[in-house]
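Enquirer: Take this structure first; my questions come after.
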Amino acid sequence: MRSNLITGVLLLVFSVIFWLGADAIPKSRLSGSVGADGLPKMLAIALGVLSIGYLAQTLLTARMAGPVVGPRRETKTVDYTRHLRAIGMIVLGAVYVAIVPYLGYIPSIALLLLSVALYNGKRPSRGLLLFAVLGAIGFYLLFVRLLEVPLPAGIWPSLIG
Amino acid sequence: MEGLFYAWQAVTSMPVLAAAVGGVLWGILGGALPGISPSIAMALLLPFTYNLPPLVAVVLLAAVYVGAEYGGSIPAILIRTPGTNSAAATVIDGYEMQRQGRGGEALGLSLVGGTIGGLFGLILLSTLTEPLASLALVFTPPAYFALGILGISIIGSLSEGALLKGLIAGVLGMMIATVGTDPISGVSRFTFGNPNLLEGIHFILIMLGIFAVAELMTQAGEERWTEGSRPDTTNARLKLPSLATLWRLRKAQGIGCVLGAVEGAIPGGGGSVAAFLSYNEARRWSKEPEKFGKGSEEGVIAPETANNVVSATAIVPTLSFGIPGSNSTAILLGGFLVHGLQPGPLLFTTNPDIVYGLFGGLFTANIMMFLLGIVILGPCIWLVQRPKPYLMAAIFGLVVSGVYSIDHSLFDLSIVLVAGIVGYVMRVLGFPHLPLILGLVLGYMIESNYRRALLITNGDHIVFLQDRVSLGLLICAALIIFFSALREVRRYRKPIVLPESQIQENKHDAASFPS
């Protein structure tokens, strides 16, 4: 229930911010009677109304259900750890975004394959290393050679001259 | 006759044939991997379709959908883990047959039932789509606006028990669609001075984030995979049913065909609903209902036929009106939009080669599914037995590389990661994904037609009520929302007491819409 209330409040705050953002959209004579800010403002109002409805629904449901026994501390910790582990995948992705312009595609994708497999429970082994290296080469052949996608080469070409 | 010519041209064209084969192959492998739904398998391929010819791109995506519906039954039968939502009904008797040493028979029934279902669905798709689409030929900008609103209102029927959450997700999707340059005046909106946002946020990025990255995050958060854990896949040799067996099971197949056709055409129905309904009805009409749950052949072929019929009939509303009713068809719609093709009545006159070519491609895909299904079982089992961390790493690698290939931009990759977080949070809080995608893909259509209609009438909103088609569609939309709200209120008046374990399950299910 608590998470629903927090979600409702956050959505309500977001609807206000979105309204303010829509209000700041420059006016243009070409926009017609509604204007470029017309739909965004309507959406902000809709989200605001729906968030209030959501909050009311949460409170009503809680009232109908009676006193709620809170989840055990253990369950909360398990949930917390689960979410942190999930966020870890995004961190790995963000690190990839940060290093690929410098390291280039092949080393970066190899590191990504290695780190994601390790992060998800694979023990370090020669097989894992081979998977990362062969995987990176496979991706390189598929994307750069076959599909001709100009993936970042990194600092290597400038070092080689 | 012209349609038949285009379909034949597609069937005999090498790139389309390759797309059908490649799509089915990818679909079966993706469907066989628990956690990779048909929509995720399709979303992973979406960036690759960017540079392909339009027909090849849509056939590739549709073929993945076809293949994934069969692929999902492989782990359902062999290791009691449905690869896709719609294969959940197959687990009941399929796994029981596997335990009795008849796993090969169950796989054969699933493959043949799926092929029959797919071809039956294709007949319906090719005969129903054009008449339905021709209805929309009289559409004006107000009517198109109303059609978009009707599409959004489908959220009501999709959000069983979570109407407000569905509507909120739909509005959020439309908000994302407003980012970028305004379609009428050219003014930039919510770009914060970032030139990368001027063209808006591409829906492919949101789809990849919401489906693929959020799934990877969920899997990473689940119980740790341990070294050495490997599923038992003995008795895994495919055995095709004889004609006599198929004749004996004709009633179950018929039930699967009919229910699959009805459920597929209804937005939100989806393969899983069709499969469970078919299973139930097949048991009701069976001469041997006592065998259900104990390894009944009818219990395998009925749901498998139904979910493959759905893979074709679910495309009917998408092609006729441009309104997707499931995650997979939303991605297929994305495949059309990427190439500047707007599904709907005009598509039949402007690009008949694409529409009928898609029908031809789907025919090839169904035949290929049958042929590949016989030989691909070994690789599927090999894949299912691979350590989960390797699969997750490979999928993540595919996502980051595929996203870059769209626009050669690392900024896009950041958007995908953010969309992944949004998708994950939505899953945790029980917000459905499909309304967000619907809002995103329909948002542009709604806004541009709304403003175009008002430009014509100098801002007079009465135009939406004067246009008969628009009025009819808006009334339908209002009715859908009204009845969904009524159902929601009734549900709250009669609260069902669930055990805690089931509450957790429901929370998860709310995020898993028909794929």
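Just so it is clear, glycine is given a Cβ too, placed from its N, Cα and C backbone atoms.
Remember, TrEMBL labels are computer predictions, not curated facts.
Straight out of TrEMBL:
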type	residues	note
DOMAIN	B:17-438	domain 'DUF112'
TRANSMEM	B:6-29	transmembrane segment
TRANSMEM	B:41-68	transmembrane segment
TRANSMEM	B:107-126	transmembrane segment
TRANSMEM	B:132-155	transmembrane segment
TRANSMEM	B:162-180	transmembrane segment
TRANSMEM	B:200-217	transmembrane segment
TRANSMEM	B:354-384	transmembrane segment
TRANSMEM	B:390-406	transmembrane segment
TRANSMEM	B:413-446	transmembrane segment
TRANSMEM	B:469-486	transmembrane segment
Enquirer: Averaged over the domain 'DUF112' (B:17-438), what pLDDT does the predicted model reach?
Expert: 83
Enquirer: What stretch, picked from B:6-29, B:107-126, B:390-406, B:413-446, B:469-486, has the most CB pairs under 8 A with the transmembrane segment (B:354-384)?
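Expert: Per the Cβ count, the answer is B:6-29.
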Enquirer: Please identify the stretch among B:41-68, B:107-126, B:162-180, B:390-406 with the greatest number of Cβ pairs below 8 Å relative to the transmembrane segment (B:6-29).
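Expert: Between the candidates B:41-68, B:107-126, B:162-180, B:390-406, the best contact partner of the transmembrane segment (B:6-29) is B:41-68.
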Enquirer: With pairs fewer than 6 apart in sequence excluded, do the transmembrane segment (B:162-180) and the transmembrane segment (B:413-446) have three or more C-beta pairs that lie under 8 Å?
Expert: yes
Enquirer: Six or more residues beyond either end and a Cβ under 8 Å away: which residues meet both conditions relative to the transmembrane segment (B:390-406)?
Expert: 33, 36, 44, 46-48, 50-51, 202, 204-205, 208, 212-213, 216, 219-220, 383, 412-413, 416
Enquirer: Residues sitting near the transmembrane segment (B:162-180): Cβ under 8 Å, six or more positions beyond its termini, same chain?
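Expert: Sequence-distant neighbours of the transmembrane segment (B:162-180): 152, 155-156, 188-191, 197-201, 206, 426, 429-444, 446-447, 484-485, 488, 510.
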Enquirer: Considering pairs 6 or more residues apart, do the transmembrane segment (B:200-217) and the transmembrane segment (B:469-486) have at least three CB pairs under 8 Å?
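Expert: Contact absent: fewer than 3 Cβ pairs fall under 8 Å.
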